[in-house]
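Structure first, commentary second.
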Amino acid sequence: MLCRVGQIRRCAASLSQTINQVAASRQKHTLPDLTYDYGALEPHISAEIMQLHHSKHHATYVNNLNVTEEKYHEALAKGDVTAQVALQPALRFNGGGHINHTIFWTNLSPNGGGEPQGELMEAIKRDFGSYQKMKEKISAATVAVQGSGWGWLGYDKESGRLRIAACANQDPLQGTTGLIPLLGIDVWEHAYYLQYKNVRPDYVKAIWNVINWENVSERLQSAKK
């Protein structure tokens, strides 16, 4: 009997060690570097907003995602389904926050603005009639987000067409709608309030001046593969 108890304890210790080793070896998510300075998007987005948004808000999503994933893997190894289910909202929120912001930073550029070119522009004209109509529709959908969320231009792989969508909170576009994200506009207040106060439409109007259409075009090309 004592031998059996000893075996159980050794197995439990071995399992715990394995879980810890897997957690330690698993690659953690990291905050991506920006390809431009915090002040590079001024006067459209202030350096103070960019610094807080990137180094504080996005960093928090990354840190919380890593912590949540560690807990989830532990629950998975233990077969604790209740814990796995309980962790889903945190995974969705922090995972979505990391995904969304990683796209957002690349969608912006100090050399942005103007109008898209080539295949992207052709797709916009086909699906919305004109660039101006597309811009107006995305702006309207984004401004209309209740509370916090995102406005998106996405690619519907099944139909091969561009679509506009809005997502609440940090819900990731592809994970919640199936659309592949091309362009996202963050309308959480931390993205604009220090500069634009409660006038969200002014922020949405200004952000078009720094949209990186080359990045959006690249995302479209990748989405079509």
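Just so it is clear, glycine is given a Cβ too, placed from its N, Cα and C backbone atoms.
Quick look at what TrEMBL annotates:
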type    : residues                      : note
DOMAIN  : 28-109                        : domain 'Manganese/iron superoxide dismutase N-terminal'
BINDING : HIS53, HIS101, ASP186, HIS190 : Mn(2+) binding site
DOMAIN  : 116-219                       : domain 'Manganese/iron superoxide dismutase C-terminal'
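Feature map: TrEMBL annotations on the structure.
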residue: HIS53; record: Mn(2+) binding site; Cβ neighbours (10 Å): 22
residue: HIS101; record: Mn(2+) binding site; Cβ neighbours (10 Å): 25
residue: ASP186; record: Mn(2+) binding site; Cβ neighbours (10 Å): 26
residue: HIS190; record: Mn(2+) binding site; Cβ neighbours (10 Å): 14
Given the Mn(2+) site HIS53, HIS101, ASP186, HIS190, its other Cβ neighbours within 8 Å of the Cβ centroid, in chain order, are HIS54, HIS57, HIS58, PHE104, TRP188, ALA191
Mind tallying the domain 'Manganese/iron superoxide dismutase C-terminal' (116-219) by DSSP state, helix then strand then coil?
54 helix, 24 strand, 26 coil
Per DSSP, what is the residue count of the domain 'Manganese/iron superoxide dismutase N-terminal' (28-109) in each of helix, strand and coil?
63 helix, 1 strand, 18 coil
